[in-house]
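First up is the structure itself, then whatever we jot down about it.
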Amino acid sequence: MENPAFCHHRLPIQTFSLLLFCTCFFIPAQSSLDTFLYGGCSQVKYTPGSQYESNLNSLLSSLVNSATYSAYNKFTIMGSSRQDVVYGLYQCRADLAMLDCATCVARAVTHLGPLCSQTCGGAVQLEGCFVKYDNASFIGVEDKTVVMKKCGPSNGYNEDEMSRRDAVLSGLNGAGGPYRVGGSEDVQGVAQCIGDLSMGQCQDCLTEAIRRLKAECGGAAFGDMFLAKCYARYSTSGAHFYAGPNHGKENIR
């Protein structure tokens, strides 16, 4: 039986007990940036009052402070021994204003407390940002594990609309950069990687997310495919809004 006094090194994502809160039906277009999408926690726990807890608190404070001036950052808090080291990062959606990014990251951190109480690793995805920490380094490591899939209803197969959907997703796949948006008439799409991936890793991750999205959501009115290090999403007929406040719209999705 593992001693909870410190956190053991392990593969971070595979040992997470992912708590997926997925509503697989139509979501109203007016959804806020701090809407909870999914979260997950490791099964290994640390002892309250331990050095790991102190380092974790320092890490989370660093993430919140950094989000006031940067849409992405990563940190490592060193300890006197290997089991006390904490790794963490956050990623805001790239079109957010800095105030919205900072607010989102702060809200994500407040979710981690009750969701992942005294666990050595945790992750939370909100509508506008992602936060993760762990005792094993995951930074710069590509991970295409599916952590959340959400497909909307099918209102009858519309060949023209699905052709535009496929063209938008193909455009996202072929575009450069870690954040990609596209649209055609009533179809919108968005894709993003976590900032710790190289461009090659990002492309590989998004290609897989888009492939799964097309295959598994079929003719759905909207679809979301979140992998551990990237996501791809689309909407048809105004089911979602993807532009953030500084893109001229007050509401997202």
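Just so you know, glycine gets a Cβ as well, placed from its N, Cα and C.
Just so you know, TrEMBL annotations are computer predictions that nobody has curated.
Residues or ranges marked as signal peptide in TrEMBL: 1-31.
According to TrEMBL, the domain 'Gnk2-homologous' annotation covers 34-138 (among others).
Per TrEMBL, the feature domain 'Gnk2-homologous' maps to 139-239 (among others).
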The DSSP breakdown of the domain 'Gnk2-homologous' (34-138) into helix, strand and coil residues is 37 helix, 33 strand, 35 coil
Tally of helix, strand and coil residues over the domain 'Gnk2-homologous' (139-239) according to DSSP?
-> 35 helix, 32 strand, 34 coil
